[in-house]
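Asker: Dropping a structure here in structure tokens format, bear with me for questions.
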Amino acid sequence: MAKNIVVLAGDGIGPEIMASGLAVLQAASEKSQYSFTFEHHAFGGAGIDAYGDPLPKETLAACQKADAILLGAIGGPKWEQAEKTPEAGLLALRKALHLYANIRPVKVPDALLDCSPIKSEIVKGTDLVVVRELTSGIYFGEPRQLAADFAVDTNRYHEDEIRRIIHQAFQIARSRRKKVLSVDKANVLATSKLWRKIAEEVAKEYPDCTLAHQYVDSAAMKIVQQPTSFDVIVTENLFGDILSDEASVLPGTLGVLPSASHSISGISLYEPIHGSAPDIAGKNIANPVSMILSIVLMLRQSFDYQELADQIEQACFAVMAEGVLTPDLNGTATTEEFTQAVIAKLEE
Ligand code: NAD
Ligand code: IPM
Ligand code: MN
């Protein structure tokens, strides 16, 4: 049976990298026993333009029935003043689907060693995962208020929300190097003190793994100083957002980092960690690797199509190793040229 993929291309470079990712998936799947149907829906700024709502009802309904969801990126200057912004729509989608576990793998392939602004002997072999809590914390805590002369945000965590994301981190660590680092600000924040206590409790259930703690300011420094020392980093919503963008400096661009978001119900959403990149949108120069690797994560984690995932991932890395790179990696390939090169590689 064909898998039903809901596609939310979104805004800015979202539709460009989505077209690339879907073309690669289509080419790879045609030669396989697997098939997919793609249902496109308006979301983000595109949802506002079409329906006056960044998360139109029919889009949410389609997502709830999908086998998996692919998201490009949302947002942009056009909608910054909207009553409900594209970003608010994204948070509403994550909340509605209970996508609490956001997995952001960061690998530096040898092909990109020269693209990193950090010395290659430091970044070589980097292979870490940021496990970011995605449906709670300061993004969602109440009360929140914006007045003319003061503003309030609330960081709030319930122990159950901490427990389930720490479990995710240990489960992932078990299939890797078995090292979990919990990142917090427990020297200051109450939420972090609770986070640390729950992390310690959960760790007892995983005696085959180690747990360490680090403050977020220090972890931010260490990620660029000694990236190969990390295996699994688990952290709250805001810290995970910041640390994962920081980690994109290791491969040299945000344009190669994918993510997977998992829920309790089983529905998962796959999206690059970056945004809609308004500065390069419409120029056919966006790096589609983040989207292609998000599709690879979907094939692995939602469908267990490991062979198809391997083929696409290997083709993508082989093309980069041959020096076919988009301008964010100092190359000259357009988005379409890179895509065609991956498709040609799949056919070799
Ligand atoms: P951004 O991630 O869109 O861009 C940051 C920088 O990285 C830019 O210079 C951009 O050109 C570059 N970049 C990002 N992706 C790239 C790619 N695939 N190829 C080449 N270069 C790439 O962050 P921003 O500029 O701060 O935000 C732009 C908009 O995106 C905002 O509206 C923001 O709210 C939104 N946003 C959305 C998401 C999402 O959809 N999940 C994530 C982050 C930001
Ligand atoms: C991300 C983005 C979002 C976030 C924004 C657009 C709401 O930065 O997906 O990383 O902060 O989660
Ligand atoms: Mn972000």
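Heads up, the Cβ atoms here are built off N, Cα and C, so glycines get one too.
The feature substrate binding site is assigned by TrEMBL to Arg94, Arg104, Arg132, Asp217. Summarising the annotation, TrEMBL assigns Mg(2+) binding site to Asp217, Asp241, Asp245. For Gly275, Ser276, Ala277, Pro278, Asp279, Ile280, Ala281, Gly282, Lys283, Asn284, Ile285, Ala286, Asn287, the entry in TrEMBL reads NAD(+) binding site. For 4-342, the entry in TrEMBL reads domain 'Isopropylmalate dehydrogenase-like'. According to TrEMBL, the site 'Important for catalysis' annotation covers Tyr139, Lys185.
If you look at the structure here, what lies around each of the features I listed?
Answerer: Other Cβ atoms within 10 Å of the Cβ of Arg132 (substrate binding site) number 27 in total over all chains.
Mapped onto three states, the DSSP output places Asp241 (Mg(2+) binding site) in helix. Sequence-distant contacts of Asp241 (Mg(2+) binding site), defined by Cβ-Cβ distance under 8 angstroms and a gap of at least six in the same chain, are Arg132.
Summarising the environment of Ile285 (NAD(+) binding site), the number of other Cβ atoms within 10 Å of its Cβ, over all protein chains shown, is 22. DSSP gives Ile285 (NAD(+) binding site) a coil state; it is part of no helix or strand.
Taken together, the residues of the domain 'Isopropylmalate dehydrogenase-like' (4-342) have an average pLDDT of 98.
Long-range Cβ contacts of Tyr139 (site 'Important for catalysis') within its own chain (separation 6+, distance under 8 Å): Leu91, Asn237, Leu238.
Taking a C-beta cut-off of under 8 Å and a sequence gap of six or more, Lys185 (site 'Important for catalysis') has these contacts in its own chain: Ser192, Tyr215, Val216, Asp217, Phe239.
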Asker: Considering Cα atoms only, can you say which of Arg94, Arg104, Asp245 is the nearest neighbour of Ala277 (NAD(+) binding site) among these binding-site residues?
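Answerer: Answer for the nearest of the binding-site residues: Asp245.
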Asker: Here's one to test understanding: among the binding-site residues Arg94, Arg104, Asp245, whose C-alpha is closest in space to the C-alpha of Lys283 (NAD(+) binding site)?
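Answerer: Comparing Cα positions, the candidate nearest Lys283 (NAD(+) binding site) turns out to be Asp245.
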Asker: Quiz question: given the binding-site residues Asp245, Asn287, which has the greatest number of C-beta atoms lying within 10 angstroms of its own C-beta?
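Answerer: That would be Asn287, with the highest Cβ count within 10 Å.
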Asker: When you tally the Cβ atoms that lie within 10 Å of each candidate's Cβ, which of the binding-site residues (Asp217, Asp279) has the highest tally?
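Answerer: Answer by Cβ density within 10 Å: Asp217.
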Asker: Quick one: of the binding-site residues Arg94, Arg104, Asp245, which has its CA closest to the CA of Ala281 (NAD(+) binding site)?
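Answerer: Checking each of Arg94, Arg104, Asp245 against Ala281 (NAD(+) binding site), the shortest Cα distance is to Asp245.
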